[in-house]
Amino acid sequence: MLAVQLSNATSVFVIGQVGAGGTAWLRMCFGVVFLWIIARPKFRCIRKQDTPALIGLGVVTGFMTALFLEAVDRIPLGTAVSIEFLGPLTVAGIMSKNRKALIWPILAVLGVVLLTEPWHGKIDGVGVLFALGAGTCWGLYNILTQHVGDRFSGISGLSLTIPVAAIATMPVGLPQVISRDFAWWTLPAAAGIALITPVIAFGLEMLALKRMTHTAFGTLLSIEPAFGILIGLLVLAQTPTWLQALGIIIVIAAGAGAQRGGRRKSQDLAFTDLPLETQK
């Protein structure tokens, strides 16, 4: 979680050079390079029935990244993370056996209202919409990541989905990159950010989701808004008001309250041990 928010905060500087879409696309492209250096999947070993999940996860990952970067280009990082968190929190509530769990996303909405302070009329509505779109993708991402993680060993599933994410973000990202006269450090910075996210962070998330329920994972993610505020303060000098801080506390509490289980039950699934060629 810390790695994800650190990569999002540092992406703000790259956004100033190539735009949000361009930054998302570069992160996915460099992610492909790193993943294929680390682990080279043999595509002929992919089963036909796994293809929809791989494509779906790739598209959702690309859109989630691009939409969130559009959001942080307009609103503070901590606010964007808290709004985006409504996605996985809602998934946790819906998938819980206890219907009362749906009260937690509603409580989180109250926290988001305090965060955005709409009565002041200063919040960027477009930024909020981008964050909500990213949250929708985040909820789907958690479901599909668990699905793909159940069927592929290690990070082989990730090495197959990130290329799809790069293709999904290319229509927006490529034009932004080639139309900008960006600084020399932009590409190395994007490469460094890509190593953090998607390679390290998403890889760890995929391994975690193989062992946890949606609700347990969503609960762990409840502290992500706090990381967003902390990194936003340290890296971007974004200081929340006391009311916004209260809103974040409410969002975190709502996420913690959504906890309804921990470790996943064993899965009776056909497992694809995708052969990998590791770099010597």
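Backbone N, Cα and C define each Cβ position, glycine as well.
Given the structure is predicted, the values throughout are model-derived calculations rather than measurements.
As annotated by TrEMBL, transmembrane segment applies to 12-39, 51-69, 75-94, 101-119, 125-144, 151-170, 182-204, 216-236, 242-258. Look at TrEMBL and you will find 127-254 tagged as domain 'EamA'.
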Using DSSP, how many residues in the domain 'EamA' (127-254) fall into helix, strand and coil?
108 helix, 2 strand, 18 coil
Rank 75-94, 101-119, 151-170, 182-204, 216-236 by Cβ pairs under 8 Å to the transmembrane segment (12-39) and hand me the top one.
182-204
Close approaches to the transmembrane segment (151-170) from elsewhere in its chain (Cβ under 8 angstroms; 6 or more beyond its ends):
21, 24-25, 28-29, 31-32, 35-36, 38-41, 43, 46, 50, 53-55, 57-59, 61-63, 65-66, 198-199, 202-203, 206-207, 269-274, 276
Beyond the flanks of the transmembrane segment (216-236) by at least 6 residues, Cβ under 8 Å:
1-2, 4-6, 8-10, 12, 76-78, 80-82, 85, 88-89, 91-92, 142, 208-209, 245, 248, 251-256, 258-259, 261-263
Report, as numbers and ranges, every residue of the chain located at least six residues beyond the transmembrane segment (242-258) whose Cβ falls under 8 Å of a Cβ in that stretch; write 'none' if there are none.
78-79, 82, 85, 89, 92-93, 96, 101, 103-105, 107-108, 110-117, 215, 218-219, 221-223, 225-226, 229
